[in-house]
Each structure stands twice: as structure tokens, then as C-alpha cells.
């Protein structure tokens with residue numbers, strides 16, 4: 001019950017927060033609704049699998065035809081692991097805890113820049129999903145394996161597919177990710193299933209079931225709480241600037257996807273672009 005009340009309060013707080021009209025993403029890691037649209041347009045132009053949608057609940061601070069971004073049928077390799085988390089609810093950040101764990105921001109940065117085993121595994125499997133539905137199980141070979149060891153076979157019923165949604169959060173002034181998944185048989189995934197596809201650092205910490213703000217009904221989805229988004233993205237923006245490779249505000253969404261991919265290492269999320 002406490003988790004439900006906390007979630008309801010946070011959603012109410014976001015609802016009553018006025019939309020920002022200022023621009024200061026280089027110093028805050030946050031963006032305005034206008035910059036959200038600008039960055040979304042850039043994402044759609046560079047990655048045609050993403051598109052704008054309006055839903056059936058229009059939020060007045062965004063253009064009617066550009067309410068949120070969506071990409072569908074994103075392949076995810078199913079992991080056979082156990083995560084000790086509640087079936088429906090996990091911990092989320094509140095104002096009392098938001099400022100006490102900057103070390104987690106550094107961990108997120110390290111996750112983005114390091115070649116973790118999760119991401120390495122996902123990269124070896126990337127590109128295979130498009131053939132699954134046509135050819136069935138595929139044997140995969142590890143290109144870096146000099147000992148010619150055979151990697152596990154991905155069976156058709158082991159793959160999962162997700163629709164990913166990016167909305168604008170008025171309170172945190174950042175994008176927010178929602179996701180809904182199905183197994184290969186078309187059955188909707190439970191929260192426990194979804195936790196299996198989230199990195200161990202994030203599963204059971206910042207992922208909750210939340211109402212999707214652009215649907216009136218049947219709108220509950222898994223969502224990554226955005227309380228840390230701005231601080232992590234700001235550090236990435238500063239790192240690019242220090243390397244004389246500054247990030248423009250229209251490229252912000254690509255950087256956001258790079259950050260998101262560390263939480264979802266088994267998802268085929270493409271953010272590699274010479275922007």
C-alpha cells in the first residue's frame with residue numbers, strides 16, 4: 001500500500017507541475033518540452049524505427065501530433081535467471097533519498113563507458129533477431145572465441161519483444177521510458193518477466209508499474225523512474241564537452257538512449273550514430 005501511495009503522489013506531483021519554458025540543458029541535464037520535441041524529431045530522422053504518436057490523452061504543453069515517441073517490436077534475448085523482487089512493486093526514489101547517492105550516478109557512467117558482460121553478450125547477439133521468426137532456432141558463434149566453443153542456441157520461444165515509449169516528465173524535465181513486452185507466443189509479460197530483462201543494478205530499484213500518461217484506459221506499463229536521469233545525462237554532456245565533442249540539444253535523445261541501454265543490456269536498442 002505504501003508503494004502505491006508513493007507512486008500516486010509522484011504522478012500527481014508531475015501532473016500539477018507547470019511545463020518549463022527555459023532552456024539550460026548544458027548546465028542541468030534537463031530539457032524543456034520544446035527541446036523534447038526537437039530532440040525527438042532528430043531521433044525520428046536518424047532512426048526511422050522511432051515515430052511520434054499522440055495517444056488518446058493529449059497533454060497541452062506538447063504538439064498534438066508529437067505527444068510521445070515509440071518504437072515497436074524491439075527484440076530482447078530472454079535471460080534464465082531469478083531476481084528476488086516483488087511481482088508488482090519495487091523501490092522508487094523520493095525527495096528524501098534523491099540527494100544521498102551520487103555514487104550511483106558514477107556507477108551509471110561507468111556502465112555506459114565499460115564493456116560489461118551484459119552488453120558484450122547483447123552485442124554478440126545483435127542482428128540475429130530479424131531471422132528468428134523466419135528460420136526458427138539459430139546457433140550463434142562468439143566471434144571473439146578463439147577456442148571455437150559453441151555459444152548457446154537461441155530458440156524462438158526464448159526471445160521476447162518490447163514496445164518502448166519515451167514521454168516527457170514535467171517534474172524532472174527529462175524523457176521517461178515506458179515499456180511493455182510479450183513473449184514469442186504473444187503473451188503479455190509480467191513485471192517479474194520484465195525484471196529478468198533489466199540489468200542487475202536497476203532491477204528492483206527504480207522500475208515500477210505506472211499509468212502511461214497518454215492513455216485513458218489499459219494504460220499500466222513498466223517504467224524507469226527518472227529521478228537520476230538529469231544528473232547522469234549532465235555528466236555525459238560534460239564529458240563530451242571536455243573531449244571537444246559537445247552534444248547539441250537536438251542530439252539529447254540519442255544520449256538518453258545510450259544511457260537507457262545500460263539498464264536494458266539485452267535489448268536491441270540502436271543509438272550508434274555519428275551525429
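Glycine is treated like the rest: Cβ placed from N, Cα and C.
Swiss-Prot tags one of the stretches 231-251, 252-272 as region 'Handle region', and that stretch is 231-251. In Swiss-Prot, the annotation region 'Disordered' applies to 123-149, one of the ranges 123-149, 177-203, 204-230.
Here the region 'Flexible region' (83-156) returns a mean pLDDT of 43 for the predicted model. Look at the region 'Handle region' (231-251): DSSP puts its residues at 15 helix, 0 strand, 6 coil.
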